[in-house]
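Here's the structure we're looking at; comments come further down.
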Amino acid sequence: MDSISLRVALNDGNFIPVLGFGTTVPEKVAKDEVIKATKIAIDNGFRHFDSAYLYEVEEEVGQAIRSKIEDGTVKREDIFYTSKLWSTFHRPELVRTCLEKTLKSTQLDYVDLYIIHFPMALQPGDIFFPRDEHGKLLFETVDICDTWEAMEKCKDAGLAKSIGVSNFNCRQLERILNKPGLKYKPVCNQVECHLYLNQSKMLDYCKSKDIILVSYCTLGSSRDKTWVDQKSPVLLDDPVLCAIAKKYKQTPALVALRYQLQRGVVPLIRSFNAKRIKELTQVFEFQLASEDMKALDGLNRNFRYNNAKYFDDHPNHPFTDE
């Protein structure tokens, strides 16, 4: 594990770069910053880009990728682009529609990975979070196995090279894996995963099923007031993490990132700062000793920054199993 260009095999024979660049945008950041950050990331060796229909920045990310293809920095096949099916498109007949919207926005012919963003379905329409007159989210009952069959058809049509899931618990993954007539297993489960929520059980489960665990909020969170409790702990200020970082003469962010790579997790990072983006590529220049990995394991407190409270009361809420 010595290079940002390294890829690991997925269970369908495709390969995913071991380090990804996330494209969610906090409210305070202008969308054109996404174009700039994506180009900087490509120039610094990033090839794996994670986005979603929900993020409303796919046009900008696509523009940045295409400009770096046009100037000869990369070829399309060098880039691994992930997008996500939003909850208002879970009906089987709507799955391809959502993916086609992504392809139109990015102006790409296919996505490398298409994943179900959440296991919870919402009523279809143009609004991301449809609500009734009392402000209650309008849930929809769609069998996740039916949604998965439509995802399989997107892969067969060549619109998505690989398909996976996000924010699923083990029980929900089992439903798909045990589905009669299953054609393709999910290649990944993308979940919140960091030192305070190390997802050791989910990681063991995914490894046992040949499913890659992809982590978001890898370095904690951006403290975005729209979804993060401002009283929540600041991960990168953790004294144990900072002491280990000092020992290796690295930043706490690099140690938190290296921890995930050594566990076999594919971490996503996000930054709009050119210096920070370049710094994070140095994660391949050192290795953590086993005693330090154990010390970092000990920081787990099963703490979520993203508790998906907006989906509270949904019968398929994944975190109610915990």
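Just so you know, the numbers here start at 1 and follow the chain as drawn.
Using N, Cα and C of the backbone, Cβ positions are placed for all residues, glycine too.
Annotated features, as they stand in Swiss-Prot:
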ACT_SITE  Tyr55  active site, proton donor
BINDING   20-24, Asp50, 166-167, Gln190, 216-221, 270-280  NADP(+) binding site
BINDING   His117, Trp227  substrate binding site
MOD_RES   Met1  blocked amino end (Met)
SITE      Lys84  site 'Lowers pKa of active site Tyr'
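Thr24 (NADP(+) binding site) falls outside any helix or strand according to DSSP and counts as coil. Closest by Cα distance to Thr24 (NADP(+) binding site), from the recorded positions Tyr55, Lys84, His117, is Tyr55. Spatial neighbours are here defined as Cα atoms within 10 angstroms of one another, and by that definition the neighbours of Lys84 (site 'Lowers pKa of active site Tyr') among the binding-site residues His117, Ser271, Lys275, Glu279 are His117. Candidate recorded positions: Lys84, Lys275. Fewest other C-beta atoms within 10 angstroms, Lys275. In three-state terms derived from DSSP, His117 (substrate binding site) belongs to neither a helical nor a strand segment and is classed as coil. Cα of the residue listed as 'active site, proton donor' to Cα of Lys275 (NADP(+) binding site): a span of 24 Å.
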